[in-house]
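Taken verbatim from TrEMBL:
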COMPBIAS  1-10  compositional bias 'Low complexity'
REGION    1-22  region 'Disordered'
DOMAIN    54-197  domain 'SIS'
SITE      Lys72  site 'Catalytically relevant'
SITE      Glu124  site 'Catalytically relevant'
SITE      Glu165  site 'Catalytically relevant'
SITE      His206  site 'Catalytically relevant'
DOMAIN    223-282  domain 'CBS'
DOMAIN    291-344  domain 'CBS'
Amino acid sequence: MGSLPPSLDLPSPPPKNPQHERVSETTLFNLFKAQQGHLNYFFQNLDLSQALSFTETLLNSRGTIFFSGVGKSGFVANKISQTLVSLGIRSAFLSPLDALHGDIGALSAADILVLFSKSGSTEELLRLIPCARAKGVYLISVTSVPKNALANACDMNVHLPLERELCPFDLAPVTSTAIQMVFGDTVAIALMGARNLTKDQYAANHPAGRIGKSLIFKVKDVMKKQDELPVCKEGDLIMEQLVELTRKGCGCLLVIDEEYHLLGTFTDGDLRRTLKASGEAIFKLTVGEMCNRKPRTIGPDAMAVEAMQKMESPPSAVQFLPVIDRQNTLIGIVTLHGLVSAGL
């Protein structure tokens with residue numbers, strides 16, 4: 001075999017690190033165990049009365065809940081804000097730098113501003129406080145170092161107990177940001193429960209994601225219909241329907257009567273089995289003689305995810321479901337490929 005053209009040359013694997021740069025399984029295991037211990041320290045020492053007051057304050061907010069932070073704490077604050085938005089709660093991230101250059105105009109006296117900072121001495125947040133207070137905003141700090149300047153300047157403080165950072169120098173913010181995220185997301189779910197958010201309401205906020213699609217899309221939204229249906233009559237010869245069996249991309253024929261009532265289905269698997277059992281006699285067999293008279297079906301108003309579950313149910317999985325109305329009239333077909341293509 002000749003060498004590949006230059007454009008098709010496969011890349012070489014990266015060189016192995018020198019021995020002193022390798023990470024052993026034991027080292028990684030010990031780090032995970034240490035982080036687990038640091039997180040347990042947080043759970044065991046968190047003041048639940050502070051957490052409850054914080055949660056109730058957010059729950060009773062009449063305005064927008066703003067979050068702010070700098071660096072890694074800023075990323076966490078932004079993420080928690082986005083989580084609240086996805087739950088239908090008015091929230092936004094306020095950059096402390098941009099706030100002092102005009103964005104503070106978004107604040108009003110009905111709003112809450114939550115400031116995340118491990119040390120509570122972040123200069124950008126301390127500079128923001130008097131400006132936010134002038135707008136009448138309720139200020140909450142979420143910090144881990146006791147008796148800090150940010151806590152003293154705010155209306156409420158939540159202390160997140162931090163044993164130490166996982167970093168060997170106790171510097172890189174990896175444990176502190178982890179407990180910030182755990183705290184914020186747990187409060188978000190508490191708010192979700194208190195507001196009695198339903199699955200349908202949650203799905204309405206995620207229309208393009210798989211979560212939303214599984215709760216919003218109905219069979220009629222994803223089914224093939226009309227000219228896309230591979231239909232035939234029960235008196236049609238099997239061999240005369242091979243083109244129809246293959247060209248619609250459904251892997252089956254839908255057998256109907258003159259009024260479009262569904263009589264049965266005939267799949268490419270049925271074709272193989274019939275050919276194996278009948279040999280040349282298949283040229284004289286009709287679709288009606290060999291079709292499945294009791295196929296699984298579904299209605300157009302059923303949820304699309306229900307169709308997928310029905311396809312995968314025992315005794316054996318199927319790749320499609322005919323869609324029929326209450327009078328057993330064929331109106332469509334939903335396929336496993338179509339459901340997957342729709343993002344379900």
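Glycine too: its Cβ is placed from the backbone N, Cα and C atoms.
Sorting the domain 'CBS' (223-282) by DSSP state (H, G, I as helix; E, B as strand; all else coil) yields 28 helix, 17 strand, 15 coil.
For the domain 'CBS' (291-344), the number of residues in each DSSP class (helix H, G, I; strand E, B; coil) is 15 helix, 15 strand, 24 coil. Between the CA atoms of Glu124 (site 'Catalytically relevant') and Lys72 (site 'Catalytically relevant') there is a gap of 14 Å. Here the C-alpha separation of Lys72 (site 'Catalytically relevant') and Glu165 (site 'Catalytically relevant') works out to 13 Å.
Cβ environment of Glu165 (site 'Catalytically relevant'): His38, Leu171, Ala172, Pro173, Val174, Thr175, Ser176 lie under 8 Å away, each six or more residues apart in the same chain.
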